[in-house]
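First comes the structure, then the notes that go with it.
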Amino acid sequence: MRRGVGHEGLNVINKSFQPTDCDGDDMPLPKWRKIRISAVLFCVITFTTLLSYTCWDPSLYFFKYVHFFNKGLCACRQCVTEPDDDPWFTERFNHSIRPLMTRDNSVLTDETFKWWQGLQSEGQPDKFSEVVEELFQVIPDEVFYMDAGPGRCRTCAVVGNSGNLKGSRYGNAIDSCDFIIRMNQARTTGFEEDVGTRTTHHVMYPESAIDLDNSISLVLIPFKTLDLQWIISALTTGTIEHTYVPVIPRIKANKDKVLIYSPTFFKYVYESWLEGHGRYPSTGFLSLLLALHICDQVSVFGFGADQYGNWHHYWEEDNHLAGAFRHTGVHDGDYEYNVTLLLADKHKIQMFKGR
């Protein structure tokens, strides 16, 4: 166990611009042109660093064409990972663990399987490997988003459900991001000015599931083997209607865009980032770590309490259940929030605290 926290960002830019002649061969730039371009580049960088940024970063439109000057790990002005990174961050961040499950990485160690099975008990679960095989006959068995490199700048918004989004007017900033990750019962209708209109990924588990537009990727967090069986059923026969509570038997979602949160990654988040605090991470924190691993620039909205200290959802008029999740003993909301603040302090995320 490590020591405590202590004191101590949808279009992927994959097209590299290379100066070429009419035949497509590489053409070296004359010295004076290099000097002039370098001078312009310096001016743009100087100007844009003076601006507070969200997902709309003016420098991206310049770097899109001249990122061959960039020696960083991504094409954004600032990347989640940097060559000379913060020790606190590098001690925790493990890029080798893929956040989404495929057949290839679905084999769990005994330790991981035992930990995962203990999250939510189920009587006599079916054999995990057989369920996984059935699962990937229904949804894609592909590796997504692991295309990081100096030519990519993927900006992402992780949008929590905090009441501090009310009156924030963050909608346009959120909608400007490439990936927009929402979670659980999140809604946009009626709240567009504050939370935006677009969603690219919606993170949920069976008991929090809602119908989605055909363009949205459903990201399922499985807490047990039955959860994997539920998504199979919900996309096909609709036979599973109950887990430990009633669940929707069928879900409106694009089965070709369903993704599964890896139990191995789940455990990594709990141990490396939360250091065992709480029984397991919240959906919000799991979504944040997903973004850190698949995005180059991450902006966080709707996390934490509002200006009055209330922990509630932005669509709720009555706050009498405000902060109930913090008192269940399942999540350590305070520890998660402190880690999130620390990530912001170390410039790994841009945090928007709302009202």
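Each residue, glycine too, has its Cβ placed from N, Cα and C.
Disulfide annotation in TrEMBL: CYS295 is bonded to CYS156, selected among CYS153, CYS156. Annotation for the binding-site residues GLN120, ASN184: lowest Cβ count within 10 Å of the residue's own Cβ, GLN120. Farthest C-alpha pair in the substrate-binding residues GLN120, ASN161, ASN184, TYR244, TYR280, GLY284, GLY304, HIS313, HIS331: 28 Å apart.
Cβ environment of TYR280 (substrate binding site): LEU119, PHE223, PHE266, TYR270, VAL330, HIS331 lie under 8 Å away, each six or more residues apart in the same chain. Secondary structure at CYS156 (disulfide bond), as computed by DSSP, is strand.
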